[in-house]
């Protein structure tokens, strides 16, 4: 009896139940795969993005980096002095009239690109400016009256020199008929005009102390290929260094400030940043004219016109703060606290051949209001018009739009021994402010960003749902079938036992009948 019973159970286990155990295994594997997708899918996508954006010669992203498919613009606003004579003769407060914008479109291209074995690239930046009169308030020929920056820089530097030098300087300026204010066109102010003081310096100053230009202009020498050699990390070896400056003209640090931290160059040029940006990260931008790294902190989430999400980063309020408000800025005072800038200004004279140039945000935004009211004609700052910011796509680290807004000011010191400026008071005199920016990126670039931002999360959710739901269905189905087949097995076992018992009884009756053949006769 045990032989038929054992065969029945073996048949049920091998034929009917084995496939459901396999199904349970498949369902469990699908659920585990769904959990792995939930946990690791983002890591996989980030790895794909990292490989895609790294600067590899011949790749699409390398082409976009080397020759950006955008048209940046710079808009300049000049503070035209309307009462220069009264200011000098009668001690009246200077009155300025903000004129502009004067708009130039820019073309950027990185040239002389050389790839190095340590995961870096070196290049020179070519910037070409083209005047856009159709977007400007007037032609480049518009005439403005502004402080004579070369002259006032020289007189301010001579304040602590020997008195006979100051008197000699006054005589030279009298002979050359140099005045504290100059009347020049906007084009001359930007791109250069012949200055008699610079021309004289070329002939009398020792060769090692000569300035690298003969004309003066706020953008002099910038329309063309820069001589500055920049080396940046490509991100192929370490994506966290993507776009970070390794060296600038062979230097890893600036020579100007008092600590290595403030002399660091390890920022980007502002076009790209290491990807996977979080809201608590501090971005850093280096520009030669800023003379330092400019930190940027998260302000708000933004959405571009073509629906690409981004983060807005802007300089923190303490970036140009005085040392009393922010002691960490003490490193930007190379001659000690007396050389520190007032609140809201940054002294870049060490990067401008000792000219007392002070940078601020337009209309002295985030600065002490007393600086703005030193002259008449400057309206109170407005965040929407005067804030400096970068909008960045956080997954790829690409800049979506920019408003780099900076004001150039001249810190003038009164020097009584030089009669031409004897009545020129100590003052932070605003010269102009500019807004350099990118409005948007081409559709080809933003389509890729939108795909990277929106499609992978949807694929992740779909995969999780499909894998987990299918796994659960297989588990439930196989469990149900196992329970049902187990019940059927028990029933078949019971029926088989009854059949064998009945068959045995019938066999016993037949044997008894065969053994007593005469019982039926009586």
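Cβ coordinates come from backbone N, Cα and C, glycine included.
Predicted automatically and left uncurated, TrEMBL annotations should be read as such.
Looking at 461-483, 484-506, the range tied to transmembrane segment in TrEMBL is 461-483. A straight line from the CA of residue 333 (disulfide bond) to the CA of residue 291 (disulfide bond) spans 13 Å.
Checked against residue 291 (disulfide bond), the disulfide-bonded residues 262, 331, 340 differ in C-alpha distance, with 262 being the nearest. Each of the disulfide-bonded residues 262, 291, 333, 351 was assessed for Cβ neighbours inside 10 Å, and the highest tally belongs to 291.
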